[in-house]
Amino acid sequence: MATQTTASCTGSTLLQPISEIIDLPLDQVNFVACQLFALLMAVWFRLYLHPSKTSPFIRHVVATLLGLYLALFCFGWYSVHFLVQSGLSYGVMIFASLEHMHKYCFIVTLGYLILCQITRVYVFDYGMYSADFTGPMMVITQKITSMAFEIHDGLSKRREGQLTPSQKYLAISRMPSLLEYLSYNCNFMGILAGPTCSYNDYMAFMEGTSYQRRHQENANGKENGKAKKPEPSPKRAVVSKLCTCAISLTTYLSLYRLLPVDHSIDEYFVSTTPFYLQVVYLYLAMLALRPKYYFVWTLADAINNAAGFGFNGYDTDGSPRWDLISNLRILDIEFATSFKLFLDNWNIQTAQWLKRVCYERCPVNPTTATFLLSAMWHGVYPGYYLTFVTGIGMTMAARAVRHNIRPYFLVSDSHKRVYDVITWASTQVAICYTVVPFVLLAVGPSLKFYSSWYFCLHLLCLLVVLVLPVKSRRLQARAKEDAAQDEQRDHSSTDNNCNQKDKST
């Protein structure tokens with residue numbers, strides 16, 4: 001075990017004894033240790049490098065240097081890729097024409113990420129599914145591409161009427177300096193596990209204006225520009241999220257070896273276990289796997305909050321919200337009653353990134369394009385593509401069911417509760433079925449699993465989509481716009497007729 005972990009880790013070996021004692025790979029031990037160190041540095045950063053005590057320049061320098069140190073400790077010389085990717089993309093931003101800069105930057109950044117993923121998977125270690133240097137690059141890719149589109153929206157000749165409200169809010173009005181750019185991509189709060197965030201929100205945090213922006217409204221929604229509220233403390237939010245991390249990590253370490261996902265394709269298990277028990281086992285195996293992601297993303301959120309980043313206004317009861325860059329909502333995930341609700345609450349910032357750079361901008365079949373981009377961004381394992389291609393069918397089928405069948409269950413509360421129970425169970429089974437290749441990674445085991453289920457959910461989705469067709473959301477939105485325009489024309493023509501009658505009278 002010690003030999004394997006040492007060979008597969010390119011970072012520091014300082015914590016090798018701890019890795020051997022707790023029987024976990026060294027790269028994972030380094031990752032957790034660096035995140036705990038980042039948590040301590042975040043508290044120090046908020047208290048001693050507060051915007052009221054020092055300049056944004058110092059905050060950017062310290063955040064960047066600490067981030068690069070953590071990357072070097074975890075990944076060794078592989079962390080150079082973070083700078084190379086950032087440098088190439090910044091060069092494109094500076095020298096490419098503004099009209100096409102965002103497209104070139106997207107291609108260069110995503111292309112470099114995919115090249116590194118191919119090298120890691122097919123050259124070094126195909127089966128290594130642990131903390132690796134392409135993980136931080138995935139977050140950096142999100143940040144760079146988001147920034148490129150936001151610069152294009154803010155500096156190009158596009159009229160404001162062509163931008164959505166969110167695009168107007170996120171648009172960047174000046175080219176970032178190299179230090180601001182590196183600080184945004186490589187700061188110690190998010191370099192290892194993110195989450196991604198908008199450049200404007202990050203700059204508001206670094207310059208100390210994030211609280212002012214969200215203090216404009218008080219808890220009751222009334223304008224409160226004159227009275228200044230004290231800066232809210234993230235202490236309660238950080239403690240709560242650290243408790244969630246402890247529970248998630250304990251749950252994962254206790255269960256993940258007892259309920260391995262690959263046991264669901266064991267020939268003896270498949271041949272001797274009733275199908276309904278295979279479904280139950282798969283659900284429990286996925287339930288035991290998810291706390292790993294809960295731990296990583298919640299800890300990353302707590303680190304940002306501890307530094308003072310993530311304030312998102314106030315609840316109706318006046319308590320501060322620290323969920324601006326939160327990446328998941330655990331209860332909404334576990335009790336989701338639709339495929340869309342599950343995805344909306346899982347890896348939230350990545351979903352926002354996919355929506356902003358692909359779904360809102362792709363002119364043809366945005367749903368398919370978004371799923372394919374998500375697969376390319378995640379990596380080059382074939383299982384990723386099987387999962388996201390399956391996800392396209394699941395999304396279309398779930399949308400068809402919701403539009404055609406759900407209205408019949410809204411006649412009473414009891415019918416609605418029955419519908420919610422059925423859709424919850426269906427959603428959990430559909431999610432488990434869809435993400436099995438994501439966990440197994442390879443084509444052979446993934447197809448072995450689907451064949452053991454006789455591709456039943458694939459066939460069911462195809463049948464549902466054929467029998468219950470649904471208009472695309474863009475066509476529905478366009479139909480609503482056309483109806484609104486027709487109604488406005490009718491009103492204007494009526495007004496004109498009335499005016500003409502008045503004049504004749």
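Keep in mind that glycine also has a Cβ here, set from the backbone N, Cα and C atoms.
Any TrEMBL annotation is an automated prediction that lacks curation.
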Select from 209-235, 479-505 the stretch of residues annotated by TrEMBL as region 'Disordered'.
479-505
When you scan the chain for residues with a C-beta under 8 Å from the transmembrane segment (61-84), skipping those not six or more beyond its ends, what do you find?
10-12, 27, 30-31, 34, 37-38, 41, 45, 49, 112, 116, 131-133, 136-137, 140, 179, 182-183, 185-192, 206
What residues in the same chain, six or more past the boundaries of the transmembrane segment (268-287), come closer than 8 Å to it by Cβ-Cβ distance?
259-261, 428-429, 431-433, 435-436, 452
Range from 29-49, 104-123, 421-443 with most C-beta pairs under 8 A to the transmembrane segment (449-470):
421-443
Could you give the residue numbers and ranges of same-chain residues that sit at least 6 residues beyond the transmembrane segment (421-443) on either side and whose C-beta is under 8 angstroms from one of its C-beta atoms?
127, 129, 261-262, 264-265, 279, 282-283, 285-286, 289, 335-339, 341-342, 378, 381-384, 386-387, 390-391, 394, 398, 449-450, 453, 457
